[in-house]
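The structure under discussion appears below in the form of structure tokens.
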Amino acid sequence: MGETTAFVLLLVATLTRSSEIPADDTVGLLTEPQVAMFCGKLNMHINVQNGKWESDPSGTKSCLNTKEGILQYCQEVYPELQITNVVEANQPVSIQNWCKKGRKQCRSHTHIVVPYRCLVGEFVSDALLVPDKCKFLHQERMNQCESHLHWHTVAKESCGDRSMNLHDYGMLLPCGIDRFRGVKFVCCPAETEQETDSSEVEGEESDVWWGGADPEYSENSPPTPSRATYVAGDAFERDENGDGDEDEEDDEDVDPTDEQESDERTANVAMTTTTTTTTESVEEVVRAVCWAQAESGPCRAMLERWYFNPKKRRCVPFLFGGCGGNRNNFESEEYCLAVCSSSLPTVAPSPPDAVDQYFEAPGDDNEHADFRKAKESLEAKHRERMSQVMREWEEAERQAKNLPRADKKAVIQHFQEKVEALEQEAAGERQQLVETHMARVEALLNSRRRLTLENYLGALQANPPRARQVLSLLKKYVRAEQKDRQHTLKHYEHVRTVDPKKAAQIRPQVLTHLRVIDERMNQSLALLYKVPSVASEIQNQIYPAAGSDCKDPVEHCVCPQVDGLVSYGNDALMPDQAYSSAPMDMGVDGLGSIDQSFNQANTENHVEPVDARPIPDRGLPTRPVSSLKLEEMPEVRTETDKRQSAGYEVYHQKLVFFADDVGSNKGAIIGLMVGGVVIATVIVITLVMLRKKQYTSIHHGVIEVDAAVTPEERHLARMQQNGYENPTYKFFEQMQN
């Protein structure tokens, strides 16, 4: 009983609540009120009771140029509705039988226009359907009050940023006549849009109607064929004067039955118009508007307006007469660009240039050729950008001739900053390209060196080892090390030329890397003398193997010493090292030290002769080669790798190496010192002479001055002290003599 009472009370409260809700003006309307305009034709409005488009009741009203005028016209043709605002529709519509002024009934081919929706009562945002795999988004800007087309562009670009297509959208927060502060929209993937479009083609009855629902709609009803195509064709065939309308006499011969059937078909076409517009149809309308020629109109007003010029790909000012014309007519350049920038033909994405391909592809044996190609492409792209900026600069200066001097300076400063930004961007891209190239070259060199070293060690471990194979692999290994050294030195020379500060920073890493190369070669060569039979056979060919590639053309660079333990002597580039220079015993089977057979002549850097035979404290095996086992060799390689990782591998991915001056010239230093001493002596003598001359004064004797003399006599005495002689006195003295 209690549950029944509660249910009755709830039902009464619901009915009471529903009776308090005011009735909406649009209740009972078949479709939403809309108006459409086409310059040169009578305005059209849709009949909200039957969904058909009808001409202007007065037969005089044509296209309007202001939003206020459109709102007023909506209020005139729909006096029974409370029209409060207007907004452009999301989709174009096809309207038939559009009459010229002065003709109330006519039959002409179809015109496609974007109508204006007449909003009734308080603004209510459109409800949007969100299909599967689609996203609902919205944007609000409370400090902006923009048009419908502006927010359509915002929604389209937002979907494009997500690699999706705009499916549907609606305005938010009205702030004026056809002005809003936001937009809500639905973005769908491209494949979803294609499925939606295909389903629309298969059956138009599945679309959403304008405003209310069709009372005769059912899922089993056959699709209503569109009359637009063949009506347009028939009308065009009957158009003899080519003005787009049928001739006058055709209106008089129209059969009432045919006219009634035509009205029914027209109603069906209007009823099948949907709100789920595709982006392509909107783009077609925007393109038709923005690519039209600018028209001043018949009136003689002088209004400054903007129209879009597709050839120049920008908006251009023109003078509008105040009436007529077309829709390629905008109040500001910003509004013009916001609407028409999307109508430009989208350029197909160009294939990736050589720079992008270089960064995407891994390094291979064609590294140098790929790098050269990428560098040329980068320079060509930079020149093209600079040429474009220079052309824009010339155009801006030509347009700024009549501007004030401050504006001219602002234009010049703007383009100077633009050029500087392009230069900085190009420099950064070059630096990135060079660093990538150097890292890849270093990786290739490391790979080749590691491979040749493994092959060389494998040949030494062979049983029995073959001398010719060992020599060949030794040459390849030494060549790989020399390429690494040359690469390091050349790169350092480049860095020192371009950026001396960076060269000073990476100098310690350069020295460490060069030292590691020498230590690696020393240890690898020391292993050769653990195989006396091979060493004795190829000792005369060791020098060509190690020294043939040691003719480094890099200026101021000294070829590496491949003796047992390299000493850099008095080289100013190298830090002080405590290298052992004590002579050691002769090697196995009377072999001399490696510096006698390997060393290259070096007159500037003294190298003490040392024996390359490994000693026990170096951690190398000293047993005969017959007892040298395969599992003992990695110990040497491990030590080498440790030295390498400690001295070089830490930096090779980020640092680039090039050599500084390796040799020192004592004669030049002594000459500079002597010259400096001579110059200093000359300067000191000159200063002493000048100072002595400064204190020299003229004295012609001592004149005793009485303290009681007058000021005139005292002044005369001072003058005489400085060499003054009274000519009168001198004359009388000469007369007396």
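Just so you know, glycine gets a Cβ as well, placed from its N, Cα and C.
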Range among 402-405, 538-541, 726-729 that Swiss-Prot annotates as region 'Clathrin-binding':
726-729
Just confirming the record: what cysteine out of C118, C159, C175 does Swiss-Prot connect to C145 via a disulfide?
C175
Can you say which of 132-190, 663-721 is given as region 'CuBD subdomain' in Swiss-Prot?
132-190
Reduced DSSP assignment, Y169 (Cu cation binding site):
strand
When you measure from the Cβ of Y169 (Cu cation binding site), how many other Cβ atoms are you left with inside 10 Å?
27
Using DSSP, how many residues of the region 'CuBD subdomain' (132-190) fall into helix, strand and coil, respectively?
15 helix, 30 strand, 14 coil
Around H152 (Cu cation binding site), how many other CB atoms lie within 10 A of its CB?
23
Per-region confidence, the region 'CuBD subdomain' (132-190) (mean pLDDT, whole number):
86
State the count of C-beta atoms found within 10 angstroms of the C-beta of H148 (Cu cation binding site), not counting that atom itself.
22
Can you list the residues of the same chain, besides H148, H152, Y169, whose Cβ falls within 8 Å of the Cu cation site's Cβ centroid?
E88, N90, L149, H150, W151, T153, A155, G170, M171, V183, F185
